[in-house]
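Undergrad: Okay, handing you the structure first.
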Amino acid sequence: MFARRAISIFAFMLVALSIFAAATPLDARTNPTVTVTVTAPGSTATIPAGQCNVSNQQCCNSVQSASSTPVSVILGLLGIVLQDLNVLVGLTCSPITVIGGGNGGCNANPVCCQNNSFGSLISIGCIPISL
């Protein structure tokens, strides 16, 4: 009699735990989606470096439109939603310093970017600058 009761309790617990496990969401996102508003024009016109705040000057290995496939994939993986896909996005960027010498320390694509808050991977709202 005790064995039957133990088996019944075990079966009940197994079913109850299975129901709780099935009710648990599988996709528990820890990184919420970030919407970024950029007011920089989507043009490729070059501006003088003096018209850009020093903290916004970046040296990027690549500068592409936000609508290009590689950039849209990276934005999607990072959970970044842009309101305007006509802006330029810099990839693998680092701040331009005067200490670097030469071209202001940039041998790639010098740009002025509005949003540099995603580390060195991506800068959003970029405009090419002449150093």
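Cβ atoms here come from the backbone N, Cα and C positions, even for glycine.
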Undergrad: Pick out which of CYS59, CYS60 Swiss-Prot lists as the disulfide partner of CYS106.
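TA: Among CYS59, CYS60, the record in Swiss-Prot lists CYS59 as the disulfide partner of CYS106.
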Undergrad: With reference to Swiss-Prot, specify which of the listed residues CYS52, CYS60 is paired with CYS93 by a disulfide.
TA: CYS60
Undergrad: Looking at the disulfide-bonded residues CYS52, CYS59, CYS113, which one has the fewest other Cβ atoms within 10 Å of its own Cβ?
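TA: So among CYS52, CYS59, CYS113, the disulfide-bonded residues given, the one with the fewest Cβ atoms within 10 Å is CYS52.
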Undergrad: Using a 10 Å cut-off between Cα atoms, which of these recorded positions sit near CYS52 (disulfide bond): CYS59, CYS60, CYS93, CYS106, ASN115?
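TA: Of everything listed, nothing lies within 10 Å of CYS52 (disulfide bond) (Cα to Cα).
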Undergrad: Just name the winner among ASN53, ASN115 (the glycosylation sites) by count of other CB atoms within 10 A of its CB.
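TA: When each Cβ's neighbours within 10 Å are tallied, ASN115 leads.
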